[in-house]
Amino acid sequence: MVEASLRVSGSTNPISGRIVANGAKNSALPIMAACLLLNGSVVLAGMPDLRDVTVMSELITSLGGRISFLRNTKEKANHKVEINCDNLHNWAIPHEITSQMRASCLTLGPILTRMGRAEVALPGGCSIGSRPLDMHIWALQKLGAKVEVCGNYVKCSSSGKLVGCHIDFQSVSVGATENALMAAVMAHGTTTISNAAIEPEVADLAHFLVKAGAQISGIGTRTLQICGVQQLSGPSHTIIRDRMEAGTYALAAISTGGSVHIAGVTSEILGCLAHELEGMGGKVTDVPDGLVVSRHSPQINPVVLHTAPYPGFPSDMQAQFAATACLARGTSQIHEHVFDRRFSYARELAKMGADIHVQGNTASIRGVDKLHGASVQAPDLRASAALLIAGLSAQGVTTISNAQTLYRGYEAMEEKLRACGAEVELVR
């Protein structure tokens, strides 16, 4: 990935305008991985054009799949992709690909099911603490796979079809639920997954698999039941919209006292984010083609957030809320219960004048009157979005290095913000 920086000129201009919500990255990637299971061509609409999507495309191509991308150049969002995996000839994914994206681990189950073996280098992506694959491996072993970790590779094999079983996760894991689900849809017999993740993106994957011919019940609940089928065929499917992207643009508006019309999403899609946005002083209004988020109160209100699996507050949004809380009238607290070491952005916000302190899994943020521009470095995807929000509301110029991480989750973000009045420039 080419290194890039963002130059943000903070100003009194509020972020105001219309943005079309993109398809959800956290739905697109597992659905692309699931295409490895299918016969025939699959047409996916609502696809975001992101770095992680590009890497997943390269991964599928390296296995023998074919991918064509039809871009929506007008909106720079919600593109179409056609994927055909009829002629897979490889089961090993090298470190050069997996090191770029954690979601590469989601191909373990599909490759194993399709090819009888899989060899995937340990994944990369954002460095936000320990996110081991133990639960993924355990679930595949329960289904009858032989799994071993050799150096930096996970090697899986099966002597025949996987066999349905009861998988009872000790803790909720989105990725492990998705891997187990994809491995089970063509296993012999019935599989029950207890304590399954219920994120909308997991449900979207399940609905896609049902369209392809899978037999899955309990979608959207903590218990999934899967009756294995002989084969799956490629359907057409539209990716759900990205609640994390929408929430990020909403916070940019609240931080700057603006108003954004986000087309394609609803307050229902935002879930608990809508409630927290209003708690900070925002107003969330559903309109016929989406929703409008504006700053309702003259000041930003402090928040107390506890991250948790869905339907709780998403860990992927805590950094952006922290950036907005830097200007709140009062003290905010953010408690991170999903990942460890996810407050690496705190020292960067402090360079901009934020009064933020981290102890263990809690960040305390005492609001200040103003932030000032500074040179900062984005440690990961969501932190880069947080620093951008802070830069938009700061006085002076903020330069965000390592900003290429932003494009793992946000498509053409600087262009969309410029259309809403921001002064943002991408420098490569």
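Glycine is no exception: its Cβ is also placed from the backbone N, Cα and C atoms.
As written in Swiss-Prot, here are the features:
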type     : residues         : note
BINDING  : K25, N26         : phosphoenolpyruvate binding site
BINDING  : R102, D316, V338 : UDP-N-acetyl-alpha-D-glucosamine binding site
MOD_RES  : C126             : 2-(S-cysteinyl)pyruvic acid O-phosphothioketal
ACT_SITE : C126             : active site, proton donor
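Burial estimate for the binding-site residues (K25, R102): highest at K25, by number of other CB atoms within 10 Å.
Taking all protein chains in view, 21 other C-beta atoms sit within 10 angstroms of the C-beta of V338 (UDP-N-acetyl-alpha-D-glucosamine binding site). Here the binding-site residues are N26, D316, and the one with the most other Cβ atoms within 10 Å of its Cβ is N26. Taking every pair among R102, D316, V338, the residues listed as contacting UDP-N-acetyl-alpha-D-glucosamine, the largest Cα to Cα separation comes to 16 Å. Recorded residues K25 (phosphoenolpyruvate binding site) and D316 (UDP-N-acetyl-alpha-D-glucosamine binding site) have their alpha carbons 12 Å apart, per Cα-Cα distance.
In the three-state DSSP reading, V338 (UDP-N-acetyl-alpha-D-glucosamine binding site) counts as coil. In this structure the C-alpha atoms belonging to R102 (UDP-N-acetyl-alpha-D-glucosamine binding site) and N26 (phosphoenolpyruvate binding site) are separated by 11 Å.
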